[in-house]
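These features come from TrEMBL:
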- H78: Fe cation binding site (BINDING)
- C85, C88, C125, C128: Zn(2+) binding site (BINDING)
Amino acid sequence: MARRNSEQAANHETVFAALNASRKPMTAYDLLARLKTKGITAPTTVYRALERLLGEGRVHRLESLNAFIACECADKSHTAMFSICADCGQAEEIASAKLQDDLMALARRSGFKLSHSVVELHGRCKSCAAEAKH
């Protein structure tokens, strides 16, 4: 049992390291393809690791892309907010305490019981927008 737990912890860290190294969101199957050389060969291993990392607040799921990205914020209880480039696929986590507070206030005012929230802004990043002008 201890060996199995140790293997699972190592798998979680391997999945997290792959997400952390990527500036782009990755699907579970993107991760699986990247991690086969590291001994992770089963989709269920990746999904278990992602579930654990999501629960710990170390990764976020980008709902519109069905993909995952490492959390860049120190405060793990924040509202996940991202700008996602439609051209290059880069996603950047953005933080706004005011927007988070406003979203919570809107939910409270309407009596909505919020379980989690993800804000995704889709458009072009600075680099791609500059290239499009030329």
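Even glycines carry a Cβ here, placed using N, Cα and C.
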C85 (Zn(2+) binding site): secondary structure state under DSSP, collapsed to three categories: strand
Local backbone state of C128 (Zn(2+) binding site), from DSSP in three classes: helix
Neighbourhood of C88 (Zn(2+) binding site), C-beta criterion under 8 angstroms, separation at least six: K24, C125, S127, C128
Any further residue of that chain within 8 Å (Cβ to the Cβ centroid of C85, C88, C125, C128) of the recorded Zn(2+) site: A86, D87, G89, Q90, R124, K126, S127, A129
Distance [Cα-Cα, Å, rounded] between C85 (Zn(2+) binding site) and H78 (Fe cation binding site): 22
Other CB atoms, at most 10 A from the CB of H78 (Fe cation binding site): 17
